[in-house]
Amino acid sequence: MSQTGSHPGRGLAGRWLWGAQPCLLLPIVPLSWLVWLLLLLLASLLPSARLASPLPREEEIVFPEKLNGSVLPGSGAPARLLCRLQAFGETLLLELEHDSGVQVEGLTVQYLGQAPELLGGAEPGTYLTGTINGEPESVASLHWDGGALLGVLQYRGAELHLQPLEGGTPNSAGGPGAHILRRKSPASGQGPMCNVKAPLGSPSPRPRRAKRFASLSRFVETLVVADDKMAAFHGAGLKRYLLTVMAAAAKAFKHPSIRNPVSLVVTRLVILGSGEEGPQVGPSAAQTLRSFCAWQRGLNTPEDSDPDHFDTAILFTRQDLCGVSTCDTLGMADVGTVCDPARSCAIVEDDGLQSAYTAAHELGHVFNMLHDNSKPCISLNGPLSTSRHVMAPVMAHVDPEEPWSPCSARFITDFLDNGYGHCLLDKPEAPLHLPVTFPGKDYDADRQCQLTFGPDSRHCPQLPPPCAALWCSGHLNGHAMCQTKHSPWADGTPCGPAQACMGGRCLHMDQLQDFNIPQAGGWGPWGPWGDCSRTCGGGVQFSSRDCTRPVPRNGGKYCEGRRTRFRSCNTEDCPTGSVLTFREEQCAAYNHCTDLFKSFPGPMDWVPRYTGVAPQDQCKLTCQARALGYYYVLEPRVVDGTPCSPDSSSVCVQGRCIHAGCDRIIGSKKKFDKCMVCGGDGSGCSKQSGSFRKFRYGYNNVVTIPTGATHILVRQQGNPGHRSIYLALKLPDGSYALNGEYTLMPSPTDVVLPGAISLRYSGATAASETLSGHGPLAQPLTLQVLVAGNPQDARLRYSFFVPRPTPSTPHPTPQDWLHRRAQILEILRRRPWVGRK
């Protein structure tokens, strides 16, 4: 998918394209030269241009017969099931029991509209395991959907795949309950390339603020929706297929490379029929996403604690999705919207089992992840490849050892640390246990080809190496050929005698046990303290630890708890020669960036903007162009250690305002008193207050606020509809800092004064005109009022604190010295002599 937009914030669309290398015979990307060469060679060897036969297999239409069984209390799902079928000249008796390991607990399944191919088996279904003909070495693993069986049988060295035919409905081959049973023998390693087998004649069914810098369990309660095209294509196997895809996506989110404990939980499954007025699904991916996002909100409940509530929704469709100029899009989602009920949604074009990575990719966008080729990611990922991770813009194969790039891990961590994942902290009461078997056990290579390229496609064997890329049969201009989308075989797909695929490699069955046992992670030691973010004035330094002792494996639990700690450093005052505050320096760094305003020539004077900035945005670098008055967020974060505001001693740490004392120590309880003395008792200053009512036209002097004044507050009240007086500030040199030259500032603003001091002004049009600031002033200010009319009912009051004069010690006069001398002599005369006999 290609992401549109350039800002990492919420609201941008993300799209994904499969096939970093060419995808053959598909409109997504052009044909590979290697396959064209293969076709030419085959055409020269085979006059008919038909490729040779694939792996040996046999197929039969069978009619499973339910003999007896019992149901689970309160659910209606079978606890035991005895089933018989005739195949390959033999009677197979399946003795099945309910498998609690893949029980679908807490899953709500809804069928909306008319979908006759599904309604015959619309019960939620259950998973059954057992034996065949009582032989202990045999294995039956099936999904029972009320009238259809789907799964794998392993019997006497053969592997048999059982699935409903035409959704279990009547067809030309037999009566109700018709299934197809395919017997597949192990690959012999010999034989011709492959052959395009005749088609079977029908498609095969198929919160709010979390602790900062802490690793907390997140549960993404997900609504999964399948449209009518999905129902028509997959038939009775749709539900099992969706759960298999979501299980693979959930497995990706469990990988430790994401550096967060994220659990993808499917809580509701909705299947749409042709008669349902659902979302408008069409070729335009953007319009489909907008329609689905609006539609899914109507299914949600507002309370996060409600069992029917979901945190995000994902739509699967067989519709070919298109972007602005091409139809390369396989999915789309808004960025950074996971807890926004109106926009936490994604769409996925079903493309076979690899759709699990499309779903993971789109949900990655919902978690604020960017594409790995974006500018921020290139700097974070370093020289790593941008095409081997889940968030690659165009991808052929996900690295099983590191599916998430460092950039993806960084963005989701920052996103959650900043409180955007508050809705994910509640643990579902009845979690859904997704299928635990490897998908390749339920969907062999032939089935994977059908899911990807259509019902007529089959696996092309003996194209080395096995497991690395799935090659499937197809036709081009009437000629048989093999094609691939470069995705690996699904994990668990048989690839040889007693061998199966895992992570794109063909391994012995004994080695697969290493991938079945979950291993929880453990924290490693704390690392050393890093560099201080400031050289003076109070900086921040960090120390972190990783979940590496051991690293979690196979879906094992990721470490929980504090992963990063921080402390204050370099808290001493900066040199007195510093003219700008730390935030002013950061704004001034953009003064020579002329590309921000194309029509404004020359450098710009950027100053911090405090007024009108929401509390949650205090740690963004919001600066105002002094000449134009416009203000912008120039950086998503200020440098660590920057004060959150002029009126606070708290400091910004990784984009969050963290409490600090006036001594610049994070966590300290020291406060400024009214005199702006750190830890003082307020005795060093006195309050000065007064009012003013002698209004005359023009500028009127009210009071001179002296140097060192603190906690300044000026309030002017009157009839806002007929106001005729306004506050003004005059500097010692005669210039005006506010509302001079009969020019008013109508909106709220920060009045920047010499000495890196600022006062907050409400604006001339405010209902109550105010001017306030903590100080202390570096030079005196003259408070004035500008009278522009009849000042009826106008009232002005002011107050501030001024330092108390230090009492001077008078020099003693000669008389004082004589008096003190007499007192000392009298004391000495009265004392007894030490040692007198």
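Residue 1 is the first one shown; counting continues down the chain.
Note: Cβ is positioned from N, Cα and C throughout, glycine not excepted.
Annotated features in Swiss-Prot:
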ACT_SITE  GLU362  active site
BINDING   CYS194, HIS361, HIS365, HIS371  Zn(2+) binding site
DISULFID  CYS293-CYS345  disulfide bond
DISULFID  CYS322-CYS327  disulfide bond
DISULFID  CYS339-CYS423  disulfide bond
DISULFID  CYS377-CYS407  disulfide bond
DISULFID  CYS449-CYS472  disulfide bond
DISULFID  CYS460-CYS482  disulfide bond
DISULFID  CYS467-CYS501  disulfide bond
DISULFID  CYS495-CYS506  disulfide bond
DISULFID  CYS532-CYS569  disulfide bond
DISULFID  CYS536-CYS574  disulfide bond
DISULFID  CYS547-CYS559  disulfide bond
DOMAIN    437-519  domain 'Disintegrin'
DOMAIN    520-575  domain 'TSP type-1'
CARBOHYD  ASN68  N-linked glycosylation site
REGION    166-191  region 'Disordered'
MOTIF     192-199  motif 'Cysteine switch'
SIGNAL    1-51  signal peptide
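Everything Swiss-Prot records as a feature, shown here on the structure.
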residue : record                      : CB count, 10 Å
ASN68   : N-linked glycosylation site : 8
CYS293  : disulfide bond              : 23
CYS339  : disulfide bond              : 19
HIS361  : Zn(2+) binding site         : 32
CYS423  : disulfide bond              : 22
CYS467  : disulfide bond              : 23
CYS472  : disulfide bond              : 28
CYS501  : disulfide bond              : 25
CYS536  : disulfide bond              : 16
CYS547  : disulfide bond              : 23
Taking DSSP three-state, what's CYS467 (disulfide bond) in: helix, strand or coil? coil
From the DSSP assignment alone, can you count helix, strand and coil residues within the domain 'TSP type-1' (520-575)? 0 helix, 15 strand, 41 coil
Closest of CYS293, CYS449, CYS467 to CYS569 (disulfide bond), Cα positions, disulfide-bonded residues only: CYS293
Given a 10 Å Cβ-Cβ cut-off, pick out the one of the disulfide-bonded residues CYS322, CYS345, CYS495, CYS532, CYS574 that has the most other Cβ atoms nearby. CYS345
Counting other Cβ atoms within 10 Å, pick out the least crowded of the disulfide-bonded residues CYS377, CYS449. CYS377
DSSP-derived class (H/G/I helix, E/B strand, else coil) of HIS361 (Zn(2+) binding site): helix
I'm trying to understand the geometry here, so how far is the Cα atom of CYS506 (disulfide bond) from the Cα atom of HIS361 (Zn(2+) binding site), in Å to the nearest whole number? 26
DSSP on CYS472 (disulfide bond), three-state: which is it? strand
DSSP residue counts for the domain 'Disintegrin' (437-519), split into helix, strand and coil: 20 helix, 25 strand, 38 coil
Have a look at the recorded positions CYS322, CYS339, HIS371, CYS495, CYS547 and say which one has the shortest Cα distance to ASN68 (N-linked glycosylation site). CYS495
